[in-house]
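Engineer: Residues or ranges marked as disulfide bond in Swiss-Prot (evidence: sequence analysis): 35-38, 97-102. Per Swiss-Prot, the feature transmembrane segment maps to 6-25, 40-59, 66-83, 111-133.
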């Protein structure tokens, strides 16, 4: 395995780990209760931490195929979630999805950075790294 692929695998894992720790920080320390769509994004992100870590330790570039699909699904989920938070015509029509509304914004840094935006960014990084790993092998 080339150093470039090794670094991409490590970067993917660190991105997933940071996203997982960030979501746990928001829910367990800041006491933000996750909405249903947040839970879906967690369900997609958390296994990536383990999958990418094992792939990195075993030097198995084939995990990039799994992380590619997980991250693609996560990108669509978080993009939809971000859209119903930020686009007025979607916000008004957003269905109730549990005790916490999916349109709620616990954070809104710089007027556009919300938790689903952070998740989307992490999924995009993992997706790009996975694509690059697949192209290198």
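Glycine residues also receive a Cβ, built from the backbone N, Cα and C atoms like all the rest.
The model shown is predicted, which means the values in this text are computed figures rather than measured ones.
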Engineer: Could you give the residue numbers and ranges of same-chain residues that sit at least 6 residues beyond the transmembrane segment (6-25) on either side and whose C-beta is under 8 angstroms from one of its C-beta atoms?
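Structural biologist: Here the qualifying positions are 34, 38, 41-42, 45-46, 48-49, 52-53, 55-56, 59, 61, 63-64, 67, 115, 118-119, 122, 125-126, 129-130, 132-133, 136.
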Engineer: Whole-number Å distance between the CA of residue 97 (disulfide bond) and the CA of residue 38 (disulfide bond)?
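Structural biologist: Checking the Cα atoms of residue 97 (disulfide bond) and residue 38 (disulfide bond) gives a distance of 11 Å.
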Engineer: Cβ neighbours within 10 Å, counted over all protein chains: which one of the disulfide-bonded residues 35, 38, 102 has the most?
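Structural biologist: Selected residue: 38.
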Engineer: Fill in the CA-CA distance, residue 38 (disulfide bond) to residue 102 (disulfide bond), as an integer in Å.
Structural biologist: 8
Engineer: Helix, strand or coil for residue 97 (disulfide bond)? Use DSSP.
Structural biologist: coil
